[in-house]
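Reading through the structure tokens given below for one structure.
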């Protein structure tokens, strides 16, 4: 059995080698010739699975993507060919939410506002958007959510129209898939008209898919230099990056918002377990068994936390400025975008850290944000 695996998928070689011969390849440059004699294909979002890619894959029976997003896979084609497909919904939701929160916390410090006085507008209430909503509301931040699909499905949450959200939110964060058809297409959802309508004191964060925002229009909006702020983890034509847009962004990173070690381990184990089930193998893997101890596994608090404490704790685990600085330093080199993703550091989630304190420390909201908490006597 031959299993072709994206070389950037952590723990994959160790796990899948229990099932057959593992062949590692860079996901973005896969060709039809690479899939000759391949029984199973394990990918990430940089691999476009289409008719051209699988044209010579006569033995292919299984495709798994270790990502929450699935818009890079022609699912109808796979179904037509009798090829089983699976994804890893929700695997990276924590990492993306913590990326957004890091952007918010750093900007609050730089621009002199309190995150607790901001209204956050979340566009897209799927796995990531819903988790982010839960975290922010858990610590007392006002949230507006927009998702016409969820609303029409009968989701009982209180939804907001996109127009109202764009008017009332101080922070607008995007968490939609990329779609070009249907009732609510998201390609250039944030277009020139919308960008020009946004206030100078608003913040736009895109950690979803690059083409959700018209990058050319965003560049023109930021060139007004009126204080409007934008942070991008994804770019419209990545791995190509508009070098005129880059210096205008508050933060820029190479599509790594969901690249925390826990999230990647979850994605790998989810598709590994699906493949084991598919071939009738009883092996199963658990992400928690693969993870090392965090660099700072425990923090003791001696007083009730405040916003300064929150900033220290969250940035100790993940500070977006680290990735932003590397991105600006290295992006000019050939192949840098994918190389930064391939060599991404072992970033951890808040859950890797246990906060210890008395009942007076009021740790419960921090647990809702994702930290482990331990109330001391």
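Using N, Cα and C of the backbone, Cβ positions are placed for all residues, glycine too.
According to Swiss-Prot, the protein has these features:
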| type | residues | note |
| --- | --- | --- |
| ACT_SITE | 209 | active site |
| ACT_SITE | 238 | active site |
| ACT_SITE | 255 | active site, proton donor |
| BINDING | 45, 67, 259 | substrate binding site |
| BINDING | 127, 128, 147, 176, 233, 258 | NAD(+) binding site |
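Where Swiss-Prot records a feature, it is marked here on the structure.
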residue : record                    : Cβ neighbours (10 Å)
67      : substrate binding site    : 26
127     : NAD(+) binding site       : 20
147     : NAD(+) binding site       : 23
176     : NAD(+) binding site       : 25
209     : active site               : 25
233     : NAD(+) binding site       : 27
238     : active site               : 20
255     : active site, proton donor : 22
258     : NAD(+) binding site       : 24
259     : substrate binding site    : 25
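Counted within 10 Å of its Cβ, the other Cβ atoms near residue 128 (NAD(+) binding site) come to 30, all protein chains included. Our reading of the NAD(+) binding annotation (127, 128, 147, 176, 233, 258) yields a largest Cα to Cα distance of 21 angstrom.
Classification of residue 255 (active site, proton donor) by DSSP places it in coil, neither helical nor stranded.
Counting only the Cα atoms, the space from residue 209 (active site) to residue 176 (NAD(+) binding site) is about 7 angstrom. Taking the centre of the Cβ atoms of 45, 67, 259 as the substrate site, the nearby residues of that chain (Cβ within 8 Å, site residues left out) are 44, 46, 66, 68, 69, 92, 255, 258, 267. Cβ environment of residue 45 (substrate binding site): 65, 67, 69, 72, 255 lie under 8 Å away, each six or more residues apart in the same chain.
Across the annotated binding residues for substrate (45, 67, 259), the two most widely spaced Cα atoms sit 12 Å apart. Here the CA atom of residue 259 (substrate binding site) lies 13 Å from the CA atom of residue 128 (NAD(+) binding site).
Residue 238 (active site) sits 16 Å from residue 258 (NAD(+) binding site), taking the C-alpha atoms as the reference points.
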